[in-house]
Amino acid sequence: MTYYPQQLDPGAQSILLGEIRRIIAQAPLYTPTMPRSGKPMSVRMTNAGPLGWVTDKERGYRYQTTHPVTGEPWPAIPPMLLALWNEVAGYPHPPEACLINYYGGAAKMGLHQDRDEADFDAPVLSVSLGDTGIFRVGGTTRKSPTQKFELKSGDVFVLGGEDRLAFHGIDRVLPGTSNLLDEGGRFNLTLRRVTRLG
DNA sequence: GAGTACCA
DNA sequence: GCAG
């Protein structure tokens, strides 16, 4: 099941953006690379929480406790995001990872599944900040048809239940559709439970 | 042919 | 330019 439980109002969006800026000051955005090929992704990433999702040529997709460039532990997940999870996720254990993706100018992300977690019972909760993203979701196989949605600044979106393993991606970001970020572009935050049990 | 968070 |  996919659903939009709520929209953050502009005040909440700018408070959340401040939290993200604080995280990035401590754990800078970096450019992840694909397993085996080492090709760079167009989004830049960082994380908050006890675990962060990373990828590189040598070791591939995984969660780890430290930033791959600085070697430091990830900053804490902002309390307001933990509160949002409690309101909306319907899952009795807190998220362990908050992946922060920044889509600059032409950044996009191809269709993929979030399947590097041990717990697929917990939903994945996403928050969009900044320019509108064209989001594509399909089914659990690559051949199933896809649908497009616009994810606007402040949109809270949940992939759970049957759709927890749905293929999804961002086709592109529409420049100039939000004035939240001075530099333009889009932040997407995804909260995930990684390990089983609490 | 499998796999594909890239690239075409 | 956009769709798939």
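Each residue's number is its place along the chain shown, starting with 1.
Cβ atoms are placed via backbone N, Cα and C, with glycine included.
Straight from TrEMBL, the features:
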type: BINDING; residues: A:Trp53, A:Tyr61, A:Arg62, A:Tyr63, A:Asp116, A:Arg142; note: substrate binding site
type: DOMAIN; residues: A:94-195; note: domain 'Fe2OG dioxygenase'
type: BINDING; residues: A:Asn101, A:Tyr102, A:Tyr103, A:Arg186, A:Phe187, A:Asn188, A:Leu189, A:Thr190, A:Leu191, A:Arg192; note: 2-oxoglutarate binding site
type: BINDING; residues: A:His112, A:Asp114, A:His168; note: Fe cation binding site
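Distribution of TrEMBL features across the structure.
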residue	record	Cβ contacts under 8 Å, 6 or more apart
A:Trp53	substrate binding site	A:Met45, A:Asn47, A:Tyr61, A:Arg62, A:Tyr63, A:Ala97, A:Leu99, A:Asp116, A:Arg192
A:Asn101	2-oxoglutarate binding site	A:Val43, A:Arg44, A:Met45, A:Met109, A:Phe187, A:Asn188, A:Leu189, A:Thr190
A:Tyr103	2-oxoglutarate binding site	A:Ser42, A:Val43, A:Met109, A:Asp131, A:Gly133, A:Ile170, A:Val173, A:Gly185, A:Arg186, A:Phe187, A:Asn188
A:His112	Fe cation binding site	A:Phe167, A:His168, A:Gly169
A:Asp114	Fe cation binding site	A:Val124, A:Leu159, A:Arg164, A:Leu165, A:Thr190, A:Arg192
A:Arg142	substrate binding site	A:Leu111, A:Phe167
Confidence summary (mean pLDDT) of the domain 'Fe2OG dioxygenase' (A:94-195): 95
Maximum Cα-Cα separation (Å), residues A:Trp53, A:Tyr61, A:Arg62, A:Tyr63, A:Asp116, A:Arg142 listed as binding substrate: 24
Densest Cβ neighbourhood among A:Tyr61, A:Phe187 (binding-site residues), 10 Å radius: A:Phe187
Tally of residues which DSSP labels helix, strand or coil - the domain 'Fe2OG dioxygenase' (A:94-195): 5 helix, 46 strand, 51 coil
Position of peak Cβ density within 10 Å, selected from the binding-site residues A:Arg62, A:His168: A:His168
CB contacts for A:Asp116 (substrate binding site) [other CB atoms within 10 A, all chains]: 15
Number of Cβ atoms other than its own within 10 Å, given for A:Leu191 (2-oxoglutarate binding site): 26
Candidate with the highest Cβ count within 10 Å, taken from the binding-site residues A:Tyr63, A:Leu189: A:Leu189
